[in-house]
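In what follows, a structure is listed as structure tokens, so that the remarks can point back to it.
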Amino acid sequence: MMSALMQTYARLPVTFSHGEGVYLFDTEGRRYLDGISGIGVNALGHAHPAVTAAITQQADKLVHSSNLYRISTQETLANSLTKLAGMDNVFFGNSGAEANEAAIKLARLHGHDQGIKQPAIVVLEGAFHGRTLATLSATGNRKIQAGFEPLVGGFIRAPANDIEALRQIANNNPDVVAFLAEPIQGESGVNVLDTDYLLAAREICSAHNWLLMLDEVQTGNGRTGSPFACQGVGLQADVITTAKGLGNGVPIGACMARGHAASILGAGQHGSTFGGNPLACAAGLAVLDTIAKDSLCANAANMGELIKDVLQAELRDNHRVRDIRGRGLMIGIQLHRDCGELVAQGLDAGLLINVAGGSTVRLLPPLVINEQESRELAAGVAALIRNFN
Ligand SMILES: *Cc1c(COP(=O)(O)O)cnc(C)c1O
């Protein structure tokens, strides 16, 4: 039956009724191991008691008041999140794209403050920053942009991991005000940016007064084994955006800033009706508390290594596999050819996985996954790939 929904998604023929931990159950009662967490959102898995308690208790008191007034849960979450990320302050929106929009606006203001009338932001090939007009313009994927021209201007595209190209842009474009990148490109296939590249980009940013802005919408909140991926490689950003895992499914996005960048956006220059409302912030606080209390960053690092070890052992001699990579619980298994069919085959086998960039199986399991579940996931994925032809 056709629904009244706009047909913007190619959906798989399954409906989930409930979940528990790393498992989801469909309306027929079938159980699935969740290797994708609603695209990196359900960091604590499904129906985590700490999140359930936080949002039910908050709903019982106050769901929304407005940013016309002070919101104590928002202030508490701001303190926890910025402390965790090593940043100074934060603006809350409702999604990853909105977090990036805030960063883009902040960068443009940074330019105008210095008299740069046409400020430009350097973005990378293969980047994904969202689906709003500015963020799809920043995205390095023509499929996402096609049909939505005119694109938003003010973005300069650079190849990833090419520091010479970045240096050339710096030498030739006095209007650049910021560099925006995902430390690990998720949507284009779990492409880990070289640490040397990121650290050299930091130097270029500092030398040219560019803001180093990291899109950690997917890599943040413990996903890669450190609270934020930049911390895992000793990289200090001026702006960090995040969203996905922060609310465990309750919509929330955050744009954090540090140092001079933290004083750029002033009163009346940005806003959101829903952003940082009491309900979303209660969920965010429960997530951050649980990540700390249950050492989920360390668990993500350990379980990620275990999953990669099992995959490597099981797929070592497999001619279909080109590369196994990633950090923490953000893992990509790149095959030699496109493998979108694996998603439906996984579903049949009771395994929820995703394919990114055409040929890379992407795993983003909940950070609460234990050793036995990690082995089950890795063995299941390896079997799928072995049987793929
Ligand atoms: C998912 C994602 C976004 C967009 O987030 P939405 O919540 O869908 O707007 C932006 N950047 C990255 C790196 C993402 O993975």
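Counting starts with 1 at the first residue shown.
Including glycine, each Cβ sits where the backbone N, Cα and C put it.
Curation plays no part in TrEMBL annotations; they are all automatic predictions.
Taken from TrEMBL, the feature pyridoxal 5'-phosphate binding site covers G96, A97, F128, D215, E216, V217, Q218, T273. The N(2)-acetyl-L-ornithine binding site feature in TrEMBL is assigned to R131, S272. The N6-(pyridoxal phosphate)lysine annotation in TrEMBL covers K244.
Taking the features listed in TrEMBL, we show where each one sits on the structure.
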residue	record	contacts (Cβ under 8 Å, 6+ apart)
G96	pyridoxal 5'-phosphate binding site	H129, G130, D215, V217, Q218, T241, T242, A243, K244, G253
A97	pyridoxal 5'-phosphate binding site	H129, G130, R131, T132, T135, G253
F128	pyridoxal 5'-phosphate binding site	T139, G140, N141, I144, E182, Q185, G186, E187, S188
E216	pyridoxal 5'-phosphate binding site	E182, P183, F228, A229, C230, I240, T241, T242
S272	N(2)-acetyl-L-ornithine binding site	N67, F92, G93, N94, E98
T273	pyridoxal 5'-phosphate binding site	S66, N67
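Comment: pyridoxal 5'-phosphate site residues G96, A97, F128, D215, E216, V217, Q218, T273; largest CA to CA distance 25 Å, whole number. For ligand 1, the binding-site residues lying close by, meaning a CB under 6 A from one of its atoms, are G96, F128, D215; the full candidate list was G96, F128, D215, S272.
Ranked by how many other Cβ atoms sit within 10 Å of their Cβ, the recorded positions R131, K244 place R131 at the bottom. All protein chains considered, the CB of D215 (pyridoxal 5'-phosphate binding site) has 31 other CB atoms within 10 Å.
All protein chains shown were included, and the count of other CB atoms within 10 Å of the CB of V217 (pyridoxal 5'-phosphate binding site) stands at 28.
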